[in-house]
Number of protein chains: 2
Amino acid sequence: MNPHEKPLILVTNDDGITAPGIRALIDMMNEIGDVYVVAPDSPQSGMGHAITINSTLFCEKIRIDDGPQKDREWACSGTPVDCVKLAITKILPRIPDICVSGINHGSNSSINVIYSGTMSAAVEAGIEGIPAIGFSLSDFSYSADFYAAKEFIQKIVRESIEKEMPKGMILNVNIPKLPKEQIKGIKACRQANAVWKESYDERKDPRGRSYYWLTGEFVNLDKGEDTDENALSEGYVSVVPIQYDMTAHHFISDLNQWDL
Amino acid sequence: MNPHEKPLILVTNDDGITAPGIRALIDMMNEIGDVYVVAPDSPQSGMGHAITINSTLFCEKIRIDDGPQKDREWACSGTPVDCVKLAITKILPRIPDICVSGINHGSNSSINVIYSGTMSAAVEAGIEGIPAIGFSLSDFSYSADFYAAKEFIQKIVRESIEKEMPKGMILNVNIPKLPKEQIKGIKACRQANAVWKESYDERKDPRGRSYYWLTGEFVNLDKGEDTDENALSEGYVSVVPIQYDMTAHHFISDLNQWDL
């Protein structure tokens, strides 16, 4: 990137283009670069890395506020991953210098990375060779304080642009639910080994058919001090570098011992 | 597992419970253990690791054929991952000995693992501590020959049960589109580094609004001989061990050098 040029920043999320979390992130990114927003027109939480292949996508230019990005926002009928693909292929004037996704309403630490539309959007950008970061706040409330970690969010984005992350590297950033003055700093971590212990609330519809609501309890199985869960519990912003090569490389030699 | 007991096998997929690929897999698994089927009631391709959290799920017992599993099949309105969660939480009499997903109509090698509902179902079982395997055939046709690799599929399942895979390990098995006698064997591999170069076919709806169809071209960027793409091109069934820890462990020390 030419150092005199402002970075081109693609902003997306999974809670929808009008969610307070993305509006705060757009605001923060406007201070760093030229912001383009391509985000879902409705909530897409829990969509993981879903893409729309068997139906059509709509994508419309809309104007939501008077910020510097006011003429560079598009609402898309698809998933977060669709938004990134469409942005890169059809909308942006050039490949962005960075893609930021969020700020998600709720944590995407540990195993949540795998269910998260916020993180999948970032991963998709990573697959396309674009530095990418997903931001999430451990607070589901629509009136959550998304600005408490503004300084840390901007620092991470600026460093990611300056340090030129290796291709395919994505950052999963989680922010503890704390007032600004109680956030202790930033910690680089690994993904904690945790699991959701699900239960399903079974009900009957008016015609007598059973239906189910997913509920669940989060269980951290990992006592390591180097995990994102631990950093968050200690009041730090956690940063986990993630990759999309899912190969368990160490197990290939074991497989070669099998009778296959 | 008691060696005199038959293994309990959960079968799911993403193409829907009536797709030829899952019917073939059920047939093959009936020769190995007690089969329970919990699969989507409609096609769910490209759903990745999506879960249903903002709406309800229906799940109904149905009978499709006269196989030994005839009274142990459920069709679910949700995603492949929902099916696995529901099966484990509400349907199965005990934790299954193995979960097999597929046979997918189309390849899930290399980067496709990340978009695939077939593989996400297997990954979900892995997260729950259940040995899991996703099977995919490099042939989209509904009349594809899913039985060409029967011997290999059964061998991999039997070995996975016998060898007791480590918790959280999942196998991504892809089968080349070849007649039985031309399949050379099985190769343990790593996920190839590949990417989809997308384009969107833009059209106008009757009211003049633009809409888009996703299309794309698969590009293998990886010339390694140890990849799944290479094994498939040489006529082997590829087996990639995968894990759900997405941490890029080697990059944590780099992050600690950043000014954060």
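Every residue number used here counts from 1 along the chain in the order it is shown.
From the backbone N, Cα and C atoms, a Cβ is placed for every residue, glycine too.
According to TrEMBL, the features are:
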| type | residues | note |
| --- | --- | --- |
| BINDING | B:D14, B:D15, B:S45, B:N104 | divalent metal cation binding site |
| DOMAIN | B:9-197 | domain 'Survival protein SurE-like phosphatase/nucleotidase' |
Which of B:S45, B:N104, all binding-site residues, has a Cβ with the fewest other Cβ atoms inside 10 Å: B:S45
Residue, out of the binding-site residues B:D14, B:D15, whose Cβ gathers the largest set of other Cβ atoms within 10 Å: B:D14
Binding-site residues, contacting chain A; criterion Cβ under 8 Å; candidates B:D14, B:D15, B:S45, B:N104: B:S45
Sorted by sequence, non-B:D14, B:D15, B:S45, B:N104 residues with Cβ within 8 Å of centre, divalent metal cation: B:N13, B:G16, B:A19, B:G21, B:P43, B:Q44, B:P80, B:G102, B:H105, B:G106, B:S116, B:G117, B:T118
Helix, strand or coil at B:N104 (divalent metal cation binding site) [DSSP, three-state]: strand
Model confidence over the domain 'Survival protein SurE-like phosphatase/nucleotidase' (B:9-197) (mean pLDDT, whole number): 95
